[in-house]
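Novice: According to TrEMBL, the record shows the following:
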type	residues	note
TRANSMEM	6-24	transmembrane segment
TRANSMEM	54-75	transmembrane segment
TRANSMEM	162-184	transmembrane segment
DOMAIN	196-280	domain 'Wax synthase'
TRANSMEM	244-265	transmembrane segment
TRANSMEM	271-291	transmembrane segment
Amino acid sequence: MADLYTLLKISAAVLASLLYSYFISSKLPKGLPRLLSLLPILSLYTLLPLPLSSLLLAGIVAFFITWLASFKLLLFCFDSGPLFSDPPLSFPLFVSISCFPIRIKQNQPDPDPQNPQKPTDPLLKTIDSPKLRLNLPAKGFLFAVLVAGDDFAQNLSPNAMLCFYCVSLYFFIDVILGLCNTFVRWGFGIELEPPSNEPYLATSLRDFWGRRWNLLVSNTLRWSVFLPVRAAVSGVLGRRRAAVVAVFATFVVSGLMHELLFYYVTGAVPTWEVTGFFVLHGVCVVVEFWVKM
């Protein structure tokens with residue numbers, strides 16, 4: 001009960017911060033002035049999960065608000081990302097896109113401003129239509145079956161148990177994100193991107209991380225890390241090498257944010273294993289990219 005009351009206070013604080021962002025900060029010039037005006041909000045978001053004792057609620061607030069909403073507001077400071085629109089979004093839609101892990105479906109991939117005929121980066125391709133689409137009710141049913149079989153999973157070998165919980169995590173994340181998509185689609189009548197693209201069909205690490213798993217996070221990191229880093233170093237390293245550096249930087253940032261999520265959920269001192277996992281995968285994706293060049 002105490003956590004529900006805390007969650008209500010957190011919701012009120014987020015709503016107030018977005019009122020400020022929408023009606024005041026948005027009127028300031030893009031860039032440093034708007035960023036400075038939003039720094040108190042971004043600082044507040046880092047504190048919001050801490051009062052929650054529920055691991056589930058703390059994880060959801062940390063993922064939805066501390067990570068995704070913060071990154072969306074950072075992009076908004078520079079007239080970029082899902083919160084920027086011309087004409088501007090309505091306030092209810094601005095709040096929904098800020099708070100929920102959703103993305104309005106685009107008719108085409110985001111173009112390269114220097115060459116609109118090419119995808120924005122060479123490491124991503126247009127997402128193919130999935131060959132085995134599971135709808136939300138089916139995923140919800142399978143997740144319920146896995147939860148019911150948790151006692152059975154305790155008797156599995158360590159590797160089998162790891163696979164069991166990986167599959168459970170996939171369905172849990174996809175069901176939560178799918179429910180968010182459903183509510184916003186019903187409320188605003190807009191078409192949204194699916195939360196994932198059947199990651200179990202991935203043919204490589206590059207395919208898994210860039211085109212199939214948790215597409216909203218991939219897109220957010222692409223706009224907030226990959227593109228700025230590539231633009232910053234392309235003049236020195238050239239476009240292709242700059243893309244490699246940007247991919248590695250994206251995995252480092254992703255690792256740090258996942259490490260932060262684990263801290264909010266467990267309260268334990270970071271061991272940096274999570275960051276190391278994403279750095280390792282970043283190295284593997286870079287090697288894969290060079291091999292396939």
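Quick reminder: no glycine exception, Cβ is built from N, Cα and C everywhere.
In TrEMBL, annotation is done automatically, which means it is predicted and not curated.
Quick caveat, the model's predicted, so the values are computed rather than measured.
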Novice: Count up the helix, strand and coil residues in the domain 'Wax synthase' (196-280) according to DSSP, in that order.
Specialist: 70 helix, 0 strand, 15 coil
Novice: What stretch in 162-184, 244-265, 271-291 has the biggest tally of Cβ pairs under 8 Å against the transmembrane segment (54-75)?
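Specialist: Result: 244-265.
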